[in-house]
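Peer 1: The substrate binding site annotation in Swiss-Prot covers 10, 11, 12, and the record cites similarity to another entry as its basis. The feature Mg(2+) binding site is assigned by Swiss-Prot to 10, 12, 167, with similarity to another entry given as support. The annotation active site, nucleophile is assigned in Swiss-Prot to 10.
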């Protein structure tokens, strides 16, 4: 690929340090329904997995049927509370975003209002004017590549000429299946390794400009 048309970012765990917060909110949600889970185990198992799928898995394992909309309300309220009090940016996110000269967007399995909340709190929204794309917009979520195609169409770019930066296996798979160059963020030692010709693994956002330059992509100032 000689020219990069756009850079796609995941949100949670890639730009905003929210994965542990979200795991704690899952634990709180299930506690409301009498199910006790270990926060670290939740973090390891469900990174990048959409909410209703997590509810289905845990419900099946515990032999219960949960009202998903009621459970979601508990979860969203707890996430909002924790975001307001504890949320921080991933180290290096601000510097990277300010250096990128190519068009950018965010592609997340989370709802748009969650992205608005987290990225607004961390002063990142101005990097992505009207460029927040959620699986909820099209009712299809990573690892399905549909979200990548949806975002590329809205951005008026060729998806195969775009980069995806994501910290989850599900996200990386969506990028692979869309034909993108995937930069797999593995700062978390719990991340499963991915070996694929379309995937480059890295451990800190500050590494990306040099990795891109090494590929001949001049997309940072």
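Every residue, even glycine, has its Cβ placed from backbone N, Cα and C.
Buried or exposed, and what's around them? Tell me for each listed feature.
Peer 2: Its Cβ taken as reference, residue 11 (substrate binding site) is surrounded by 24 other Cβ atoms within 10 Å in the chains shown.
Counting only residues at least six positions away in the same chain, the Cβ atoms of 106, 107, 108, 164, 165, 166, 167, 168, 171, 185 sit under 8 Å from the Cβ of residue 10 (substrate binding site).
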Peer 1: For a quick check of packing: other C-beta atoms within 10 Å of the C-beta of residue 167 (Mg(2+) binding site), how many?
Peer 2: 24
Peer 1: Identify, in sequence order, the residues in the chain of residue 12 (substrate binding site) that are 6 or more apart from it along the sequence and have a CB within less than 8 Å of its CB; answer 'none' if there are none.
Peer 2: 18, 19, 22, 108, 110, 118
